[in-house]
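S.K.: This is the structure I have questions about; it appears just below.
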Amino acid sequence: MAEPLLTEHQHQPQTSNCTGAAVVHEEHTSERPPSAEERVPKEDSRWQSRASLQSGSRPGQEGEGGLKHQLPPLQTNACPELSSLEKGEKGQNGEDLSTGGASPSAEGEPMSESLVQPGHDSEATKQEAPAAGGEEPWGQQQRQLGKKKHRRRPSKKKRHWKPYYKLTWEEKKKFDEKQSLRASRVRAEMFAKGQPVAPYNTTQFLMDDHDQEEPDLKTGLYPKRAAAKSDDTSDEDFVEEAGEEDGGSDGMGGDGSEFLQRDFSETYERYHAESLQNMSKQELIKEYLELEKCLSRKEDENNRLRLESKRLGGVDARVRELELELDRLRAENLQLLTENELHRQQERAPLSKFGD
């Protein structure tokens with residue numbers, strides 16, 4: 001039944017513009033129900049096809065019209081109004097066929113609808129799929145262009161700052177050298193510009209003075225000798241000596257002086273080690289020879305003092321013997337004086353008796 005309808009539409013002239021289609025569409029709109037005109041926009045072919053489907057499925061118009069409305073439209077170059085016109089004509093012919101009482105087509109309506117509808121949906125999905133596939137990469141590209149790349153990275157060279165008192169000896173040494181080089185560079189720049197330059201604030205001259213001398217580092221190892229109280233010393237002198245032993249003028253006791261001595265010794269040793277490390281090989285050899293000469297000189301002086309102490313030790317023993325003899329004689333003299341006094345008293349006593 002649909003073949004004569006398709007042939008009629010094929011023989012109709014196809015125009016690229018929509019003028020002829022609009023005229024034919026106006027002729028057929030009078031036959032369409034008013035409900036479809038109210039619900040369907042004129043320029044949208046999708047809504048017109050749904051409206052034609054609703055008009056074909058109204059009560060009293062069941063037949064092949066519903067099936068023909070489900071058929072896909074012909075692929076032409078005409079405007080959407082032409083396709084809607086063709087669908088409207090199909091619906092009109094379907095109504096005529098249904099009014100003619102074609103009962104076999106009415107019985108096969110559900111099966112035909114189930115067969116035609118999936119094809120229409122598949123075509124719609126095929127037409128929409130390329131558009132969606134084209135929009136997706138475009139959207140991703142826009143998102144990538146709109147998104148800013150994170151270019152800030154954590155710095156690999158971080159300054160791990162530490163207070164000076166927490167630095168090790170090597171770190172302090174590097175820091176001091178760096179500061180001295182920087183100060184020398186700044187002073188040279190200021191001197192070149194003609195600005196007054198102050199001397200670099202350092203205590204190197206003090207260390208140089210200590211390096212020239214060789215202080216006795218073993219003074220804190222030996223215990224202090226107790227002051228011997230002689231006969232000619234007074235109690236006040238002894239109290240003053242005891243006060244000096246307990247604490248000095250700075251108010252620190254023996255522990256404080258030992259701490260200062262130990263701290264000075266450690267500082268001097270570190271400085272001496274630094275000076276030796278900075279010396280060249282020739283300078284080290286020269287220093288070693290000087291130390292050997294100094295050692296031999298000290299050994300000779302030590303031997304001389306030892307001999308003198310031995311000789312003085314013999315003299316001291318003789319002096320000690322004489323002192324003991326003097327003490328014995330003094331005690332004996334005192335005893336003789338007491339006895340002499342007693343004898344004098346005894347001699348005076350009988351003379352007084354005779355006088356009475």
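Glycine residues also receive a Cβ, built from the backbone N, Cα and C atoms like all the rest.
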S.K.: According to Swiss-Prot, one residue among SER55, SER105, SER234 carries the annotation phosphoserine; which one is it?
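M.R.: Record lookup, Swiss-Prot, feature phosphoserine, residue SER234.
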S.K.: Tell me which residue from SER30, SER57, SER122, SER249 Swiss-Prot records as phosphoserine.
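M.R.: Of the listed residues, Swiss-Prot records phosphoserine for SER249.
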S.K.: Check each of the ranges 179-182, 199-202, 267-270 against Swiss-Prot and return the one annotated as region 'Interaction with P-TEFb'.
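M.R.: Region 'Interaction with P-TEFb', as annotated by Swiss-Prot, spans 199-202.
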S.K.: Using a 10 Å radius around its CB, how many other CB atoms surround SER257 (phosphoserine)?
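M.R.: That number is 14.
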